[in-house]
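To start, the structure itself, in structure tokens.
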């Protein structure tokens, strides 16, 4: 069986350790020749990189492993590039979230004005990265799950229109399913979805059993309606001692489902449908950035540093032999994704997509693709997040059909905003930038848009183009 070479772009991310562990788990189904971490932040990457060196040395000794700041070393002769970059780093995320609060406006990393500011940085950096990868590995699959993915997808569609191996995905819909499907005792690996929307702004309208074709969504929605208080208590119990942000988000998501009980929405829809509630929920002095820095980032880096100090994992409390279980082999390649789909590991959806590609399994998953008649009453060219068949040579979207008027209006407004933003970035056009911010459903006001843009220009500095 072919052995694959992988680069993880954003090697210093706190999600990289989980990803590397997952690659160890997959070594029978996704055999690897080489793994390289690439980042432009040497300090962060070294922390994660040394953890990876010890882990692979003990659990995957035949693997070639390195971490680097050099593009040629990172991108030469690879089969897959997993892209999880954060353009501008966590410092700029802090600005994305806190600048809008100066004007009593939601500050969030992918939605609203913060998402637009982040989008400007991400598009610029992603364009350069894709060109660099293609310089050294013209046939590699580039799988992007960097935020804000909808804006990145709109830009890459325009600049790389014929690149069939450039894919934009998101695992948030996966998290929604993982939260709700257990209520009716169904596993995500049992179903394939019917879904439409933009990234971070979409709806599940069908959850079909892979074998029987039975649609579980009506059953799920009926269960939530009938047992609303019980489900609310279950969700409340789950957040105790865990990430309060996501716990509270899912409680608000449940309330959204109560108000709009005909489909299962993405959690990020909250920001567009309930902006006032979201604004009241956040502490402007202690945003999600602060929670991540004091929570996940502190814990993950401490974990990596302690393992580096020990110089080993086997025989310590960090031993992951039982999780990796390298002797386990899935006999049916098309069913391989089932093994990993129900593991609580970041980017499990990425794994399912990769397995479907290398096995040409044509599994159905959610990918961002150009609207070419998929939803005929939405703008042609809109980068929709819809169900697609995922194969070895290409990703083929499934026809959805017309979308309801309510969702149509919301999506066309958001797409106009994102389209104008990409116009502004590529043309370095200040007027289009103003239009994009003003168009946004969370901003809504031209004077506010001008204030936000001025502040974001100041704090972003060279991370933003020189708009004129």
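Indices start at 1 and increase along the chain as displayed.
Placement of Cβ uses the backbone N, Cα and C atoms for every residue, glycine included.
Note that the structure is predicted; figures quoted are calculated from it, not measured.
Classification of residue 171 (active site, proton donor) by DSSP places it in coil, neither helical nor stranded. TrEMBL lists 171 with the feature active site, proton donor.
Residue 268 (active site, proton acceptor) falls within neither a helix nor a strand when secondary structure is assigned with DSSP, and so counts as coil. Sequence annotations record features per position, and here TrEMBL assigns active site, proton acceptor to 268.
Other C-beta atoms found within 10 angstroms of the C-beta of residue 147 (substrate binding site) number 24, with every protein chain shown included. The substrate binding site annotation in TrEMBL covers 93, 147, 288.
Look at TrEMBL and you will find 170, 200 tagged as Mn(2+) binding site. Non-local neighbourhood of residue 170 (Mn(2+) binding site): 145, 149, 199, 200, 366, 368, 385, each in the same chain, at least six residues away, with C-beta under 8 Å from its C-beta.
The domain 'Glycosyl hydrolase family 4 C-terminal' (195-443) scores a mean pLDDT of 90 in the predicted structure. Annotation source TrEMBL lists domain 'Glycosyl hydrolase family 4 C-terminal' at 195-443.
The C-beta environment of residue 109 (site 'Increases basicity of active site Tyr'), restricted to residues of the same chain at least 6 apart in sequence and closer than 8 Å, consists of 93, 96, 97, 115, 118, 147, 148, 288, 289. Secondary structure at residue 109 (site 'Increases basicity of active site Tyr'), taken from DSSP and collapsed to helix, strand or coil, is coil. Among the features that TrEMBL reports, site 'Increases basicity of active site Tyr' is placed at 109.
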DSSP three-state assignment for residue 200 (Mn(2+) binding site): coil
